[in-house]
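Participant: So TrEMBL says this about it:
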- 60-83: transmembrane segment (TRANSMEM)
- 103-122: transmembrane segment (TRANSMEM)
- 128-144: transmembrane segment (TRANSMEM)
- 151-169: transmembrane segment (TRANSMEM)
- 181-213: transmembrane segment (TRANSMEM)
- 225-245: transmembrane segment (TRANSMEM)
- 305-324: transmembrane segment (TRANSMEM)
- 336-354: transmembrane segment (TRANSMEM)
- 374-394: transmembrane segment (TRANSMEM)
- 401-420: transmembrane segment (TRANSMEM)
- 951-969: transmembrane segment (TRANSMEM)
């Protein structure tokens, strides 16, 4: 019995570090204590409610789910990451248990990779090893990594120390070359998620190259990198192909529609902040009272003395490890020193003092702008070097160091309490990442799985960030968490993409109640359902009553409305009429005037211009310039708006300016939006003045538009003037409003407009003069009884004479609000005070209705009798055209890419050797002109980069198998 106890005691004494590592690995269990059924989800933390759906997407380099589709090459790198979610989910365990398994798996990888590296650099000191593991696995930088469960960051955290350990093991002959290759392939697959943002993958490579240059082993590293490249080639080649060989030249973030937020993320990345690992932008965001907006525990680290002292102590210990003399470890100090310097410089981004050089590289080095989040990308160098140098310090032969190591470990665990306790997920706040999804979410999920939706689902409201009353926040449609149905939403990541502009026009028409125009735009966007999220916190109003009368299915507050079948279009169709749009930079404002099946093309498109007889079957839609919106836009773009504030403005008439480039017949069409509020009635025709000549236009309403009889126009500029009854929304009999203020607080008069229509801008005008004292101030407040939506203050310059001042006010579009105007007199030190006079205060609506002039094509294209198709996958569609009568166009309503190819075949399967002209239409869609092919034929639309991906996916699998085979062969041989 004593021998058994002695054996167990010896076993525990030998393996106690392993027990500590296991306990560390189970940290995610703490996050879920007392939170049954809760998931960590929201914002950038997108945990799928159906992991199989998300895993399946990673096999394709085009993702069709979100807003018209996008290249998905780099995201295929998440294949292994999502496999770890699929395995437990497929075994039937709950979503929460699936997430816990996933988090424990990755936390244990971080912990054990740190341990393996620590054993490689300080093999004789268990306490030093645990110091490294603790500092590397529990640090402030990782708060954000775990808060958003960032695949790329976790991959770097695992890969870098593990690959370094493998290099050391091979150099010391602890592992053979065959085993090194196998481990490289396995770890390469596990950490392939770094490729989701290739910048992180380059950080891994950079860290390994610096190590090999300082420690030796260049040849070994080259072999490792070859294996690493081959096993990751399934995403590397596809991503490289998109960036380097795409027909659309890509060298900057803006080339793919992404925003460069370098400067905003670098605002607080000073060298001392990076040293202390406190450079994340959201730590420094505060409200007016100085309270943290996003990170509730940030003030502890900034202002609590123990936290400040400990953060400085960590830096001091690391520098102490660098300065202590140890001949055996000097080579490691050089490596850690270089990593630290590189991490500090690169992690600071554009922040002084090194920011000038970083910005120079961003502006002049191709692709360097992709490192737009320098703090997040390069700080792993700092965490590794700080932990490494501290471990070297505690590896010294001093009896007191193990006790100090214990104190440091415990202290660091207390210091990083938000990570251990789950405070990083902001429990109890409105922006908490702990989310319990209502049952109706899963009911909707099950229902959608059984639906065959012939089109996209548009989310409504269309806020760029979805904030649900029950806690979930996301920047994409919530449907994307669990459904493979294609969706349309306000895409925060690519706001300038053509389909995003078209989507915003669609939402705008819905909010205004212009259902007819919205239906036409919905057809062009291939929308078949509107998904009303009545549990979303929003300022948007409800859907128009006409939409609420559609057929629908409801799940709690979620309602799916079906657009009428005759108002929708299939994803692949053939149009009858084709139009060029003018002006070219405002095509999204033009397209809503066309019927659902009409197609708009860009007159700058050289491919379209080369199509034979293109002028015969293309018409033209010209957007006339609106004098009131032109003036409003000019005002908004002017840096010093007060220079325009004294211009005279007449909103009693609207002047449309029309530029005609070809003689012909043009049909005027104007938006039928709140015309009666401007006194416009068309019962007896619309009275207009064209080039000084009075006319009466007769027309009729159709789908939210007023369509008038065609008119003849000659080349040149034409002016169309319409008189408006644009009444002042304030009383006209105000008289002179005198304000005398000799008090210490401001005085003001108040005027209210209630109800207030917030869907268009307003012109506000008033006369004023200064008798004496301070300058005048006008306060404009848009609000409700409970919420302030917008505040604007205008302070005209001092004027002793009566002066007319005008300004524009753009309301926040909301369900309901009122507008308060407060002419004010501010106090002054002089006991005489201030005396001001105001008069003729006026508020006018801006007439924003657009007018176009449509010239029909000389001939219409003949639509084939029928087009049928099947979606094989997100990258392949197969279909058949029945009874083509000759030349026609095939529209494929997916985001345009020259990599989409169409191949034609006869009905018997023999190829048709013809390469149709490929161009974009409807701002975003793919179009092919099929020249003079008659009868029946088959077609296939395919995203060509998928073929390359398939080849290199096979190569990646073969590399992994080859590395395993090589290792087994060597083992058998021995």
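Every residue gets a Cβ built from N, Cα and C, even glycine.
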Participant: Is the transmembrane segment (128-144) close to the transmembrane segment (951-969), in the sense of at least 3 CB pairs under 8 angstroms with a sequence gap of 6 or more?
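Facilitator: No, the stretches stay apart by this measure.
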Participant: List, by number or range, the same-chain residues at least 6 past the transmembrane segment (151-169) whose CB is under 8 A from its CB atoms?
Facilitator: 78, 81, 106, 109-110, 113-114, 116-117, 119-121, 136, 142, 144-145, 175, 180, 183-184, 187, 190-197, 200-201, 203-204, 207-208, 211-212, 215, 217, 220-221, 224, 376, 380, 384
Participant: Same-chain Cβ contacts of the transmembrane segment (128-144) under 8 Å, 6 or more residues past its ends?
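Facilitator: Distal contacts: 17, 20-21, 24, 107, 110-111, 114-115, 117-119, 121-122, 150, 153, 157, 161, 276-278, 280, 282, 301, 311, 314, 376, 379-380, 382-384, 386-388, 390-395, 401, 405, 408-409, 412-413, 416, 418-420, 424.
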Participant: For the transmembrane segment (336-354), could you work out the same-chain residues 6 or more beyond its ends whose Cβ comes under 8 Å from its Cβ atoms?
Facilitator: 206-207, 210, 214, 262-263, 265-271, 274-275, 279, 322, 362, 371, 374-375, 377-382, 384-386, 388-389, 392
Participant: The transmembrane segment (60-83) vs the transmembrane segment (401-420): three or more C-beta pairs under 8 Å (separation of 6 or more)?
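Facilitator: The transmembrane segment (401-420) and the transmembrane segment (60-83): touching, no.
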Participant: Would you mind listing the long-range same-chain contacts of the transmembrane segment (181-213), meaning Cβ under 8 Å and 6+ residues beyond its ends?
Facilitator: 74-81, 109, 151-156, 158-160, 162-164, 166-167, 175, 220-221, 223-225, 227-228, 231-232, 235-236, 239, 335, 338-339, 342, 370-371, 373, 377-378, 380-381, 384, 956, 959-960, 963-964, 966-967
Participant: Same chain, outside the transmembrane segment (305-324) by at least 6, Cβ under 8 Å from its Cβ: which residues?
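Facilitator: Answer is 135, 140, 275-278, 333, 336-337, 385-394, 396, 408, 411-412, 415.
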